[in-house]
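*Asks:* Here's the feature list from TrEMBL:
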{"type": "TRANSMEM", "residues": "29-49", "note": "transmembrane segment"}
{"type": "TRANSMEM", "residues": "61-89", "note": "transmembrane segment"}
{"type": "TRANSMEM", "residues": "110-130", "note": "transmembrane segment"}
{"type": "TRANSMEM", "residues": "142-163", "note": "transmembrane segment"}
{"type": "TRANSMEM", "residues": "175-194", "note": "transmembrane segment"}
{"type": "TRANSMEM", "residues": "246-270", "note": "transmembrane segment"}
{"type": "TRANSMEM", "residues": "290-311", "note": "transmembrane segment"}
{"type": "TRANSMEM", "residues": "323-347", "note": "transmembrane segment"}
{"type": "TRANSMEM", "residues": "367-384", "note": "transmembrane segment"}
{"type": "TRANSMEM", "residues": "396-420", "note": "transmembrane segment"}
{"type": "TRANSMEM", "residues": "426-445", "note": "transmembrane segment"}
Amino acid sequence: MGKEEINEKLLQKNSSVGKRVWKESKKMWVVAGPAIMSRFSTFGITVVSQSFIGHIGSTDLAAYALVMTLLVKFANGVLLGMASALETLCGQAYGAKKYEMLGIYLQRSWIILFMTSLLLPIFIFTAPLLKFLGQEKTIAEVAGSISLWSILVVFSFLVSFTCQMFLQAQSKNKIIAYLAALSISTHIFLSWLLTVRYKLGLNGAMISTVLAYWIPNLGQLVYIMRNCPQTWKGFSFLAFKDLWPLVKLSLSSGAMMCLEIWYNAVLILLTGNMKNAEVYIDALSICLNINGWEMVIALGFFAAAGVRVANELGRGSSEGAKFSIVVTAVTSFCIGIVLFFVFLLLRERVAYVFTPNPMVAEAVGELSPLLAFSILLNSLQPVLSGVSVGAGWQSVVAYVNIGCYYLIGIPVGVLLGNFLHLKIKGIWIGMLFGTVVQTIMLITITMKTDWDKQVEIARNRVNIMDYNRRERRTLQQ
């Protein structure tokens, strides 16, 4: 009889764990699903444009790859990184039921990101900048034309990133998925219409790209003002007060994200200095785009990890935060294993989606084993970065990224690619090695963290900023 009681208790415990996993998985997918769709759309816009531009000419494709992977990612890294501070604050405030603070945080982030956008004039001087950095003259000239169109894309990031994080913190992001689907569908049609039907070439592709980035922004703004009564109380002068705490967190968030996003851009730049740069740039950019498709999924889990950890810390549950990390990481890694084998088998065949050039396709095929391993690794690393955003550790991870990417990954890539003559393979191996070291360090940090202390830190952060808001309101009255 004693054994039966023990078995019954074990079954109840297992059932309880199963229910917890199911409940947490539903909460995770509420955030991850729309986030994946949104990132699929954003990344898909780039890939669709690249596909149409690639069939215009190899020089246009190489120029587009340089602008998008070097300059646009520069701006993307700055703005997305700084906007991720909003993910920390909104997530923790929503968990603590300080709902009105979310609208104030959103407006403060708009102010900070708008001022930052005015400090990004590099797109005007793209052609001379790329020539100075050693790129081929013809590629640099075409890139200069593309970069002028990209200014409108950069300003779209300001609205897009902040609104998405505001909605994600409340798990009100289904609208993001619907708008993302509308955006990518419109872009595919307009790209065909303008580049194939009306033969507008590069300008036609860029017109479609700009419209695709701005369509979802308008929809998100309308949705927030009409459907978020608890968290959006209208524009307030309080948004101009107490900006400094958000500026500090935004700067550390920006540093963390920039160092990560620019990593691939630096490797593209190194590839551009090799012989036959056009082939190498095309091959590596295609590989990074294929890898980026998997990253779309992983970054959805990045968002889910950030929101769930922030919500649980704001709610005061350290156990809930830890459990959400495990569920999100395991789910993402399992998907990564499946995609690892899929892309390992595809090899060079997928390259013909982007270019008809057999030399580029052959170079992509040679990189397929490294690409598959990168896909597997990147199914876990963004989840760990999302945990750091949810907990507010951006400054710590920024230092980790400097060491792993720029003191290890890039030097190893240069050594293998240029001095040991492994060329593009050496650069790719260097990138992977830096990412492996970074992932190990983030796992170690996450496992050794005192999560009860993180709850106190989150509570203090939210309470201090809410107290300042109430004090300002009292003085005004």
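Using the three backbone atoms N, Cα and C, a Cβ is placed for every residue, glycine included.
What's the neighbourhood like for each of these?
*Replies:* For the transmembrane segment (29-49), same-chain residues at least 6 beyond its ends with a Cβ under 8 Å from one of its own Cβ atoms are 64, 68, 160, 164, 168, 171, 173-177, 179-181, 183-184, 187-188, 191, 205-206, 208-209, 212-213, 216, 289, 292-293, 295-297, 299-304, 307-308, 328, 354.
Away from its own ends, the transmembrane segment (110-130) comes close to residues 66-67, 71, 74-75, 78-79, 82-83, 139-141, 143-144, 146-148, 150-151, 154-155, 158-159, 161-162, 239-240, 243, 246-247, 250 of its chain (Cβ-Cβ under 8 Å, at least six residues beyond either end).
Note on the transmembrane segment (142-163): residues 42, 59-60, 63-64, 66-68, 71-72, 75-76, 79-80, 83-84, 86, 106, 109-110, 113-114, 117, 120, 123-124, 126-127, 130, 135, 202-203, 206-207, 209-210, 213-214, 216-217, 220-221, 224 of its chain, located 6 or more positions outside it, place their CB under 8 angstroms from a CB of the stretch.
Tertiary proximity for the transmembrane segment (367-384) is limited to same-chain residues at least six positions away from its ends with a CB under 8 Å from its CB atoms, namely 283-284, 287, 290-291, 294-295, 297-299, 301-302, 305, 325, 328-329, 332-333, 335-337, 339-341, 343-344, 346-348, 424-425, 428-429, 431-432, 435-436, 438-439, 442-443, 446.
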*Asks:* The transmembrane segment (426-445): which same-chain residues, six or more beyond its ends, come within Cβ distance under 8 Å?
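*Replies:* Same-chain contacts beyond the ends: 263-264, 267, 270-271, 284, 287, 367, 370-371, 373-374, 377-378, 380-381, 384-385, 387-388, 393, 396-397, 400-401, 403-405, 408-418, 420.
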*Asks:* Between the stretches 175-194, 246-270, 290-311, 396-420, which one has more Cβ pairs under 8 Å with the transmembrane segment (61-89) than any other?
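*Replies:* Ranking 175-194, 246-270, 290-311, 396-420 by Cβ pairs under 8 Å to the transmembrane segment (61-89) puts 246-270 first.
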*Asks:* Any residues 6+ beyond the ends of the transmembrane segment (323-347) with a Cβ under 8 Å from its own?
*Replies:* 20-21, 24-25, 27-28, 32, 290, 294, 297-298, 301, 304-305, 308-309, 312, 364-365, 368-369, 371-373, 375-380, 382-384, 386-387, 446
